[in-house]
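Taken from Swiss-Prot as is:
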ACT_SITE  SER25  active site, schiff-base intermediate with substrate
ACT_SITE  TYR58  active site, proton donor
BINDING   THR57, GLY73, ALA74, ALA75  substrate binding site
MOD_RES   SER25  pyruvic acid (Ser)
Amino acid sequence: MIRTMLQGKLHRVKVTQADLHYEGSCAIDQDFLEAAGILEYEAIDIYNVTNGKRFSTYAIAGERGSKIISVNGAAAHCADVGDILIIASYVTMPDEQARSWQPKVAYFDGDNEMKRLAKAVPVQVA
């Protein structure tokens, strides 16, 4: 059996730009991409915490150290500057590998400062 697993996640990054007329994509600070193990041109899913919209695009490298999160092209209709996003990429693998898989998760504050890195999402308590 093949499973699709979370590969990397940027948790609660803030949109710094939204450019309807830029070639479609999402520009992400290179430091953020590396922290989550997301490659340039990799497919990503974006979950807008602010407005509830969910959409797919691909990652492009933003200037290293700039803290840029720029939603571009048609996707700019789905996010405004200041919106809080979760950006995720996924990987497929055999069931045996998936059972011990650990994603790369980067957590951010409201100013796109990376606060911590983790290899799991915490267990949700009741």
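For all residues, glycine too, the Cβ spot is worked out from N, Cα and C.
Counting every protein chain shown, the number of other Cβ atoms lying within 10 Å of the Cβ of SER25 (active site, schiff-base intermediate with substrate) is 21. Comparing the binding-site residues ALA74, ALA75 by how many other C-beta atoms lie within 10 angstroms of each C-beta, the top residue is ALA75. The Cβ of GLY73 (substrate binding site) lies under 8 Å from the Cβ of ASP19, LEU20, TYR22, GLU23, GLY24, SER25, THR57, each on the same chain and at least six residues away in sequence.
Report note: the substrate site is defined by THR57, GLY73, ALA74, ALA75, and the residues of the same chain whose CB lies within 8 Å of the CB centroid of those residues, excluding them, are GLY24, SER25, CYS26, PHE55, VAL71, ASN72, ALA76, HIS77, CYS78. Cβ-based neighbour count (10 Å, all protein chains) for TYR58 (active site, proton donor) stands at 16. Counted within 10 Å of its Cβ, the other Cβ atoms near THR57 (substrate binding site) come to 19, all protein chains included.
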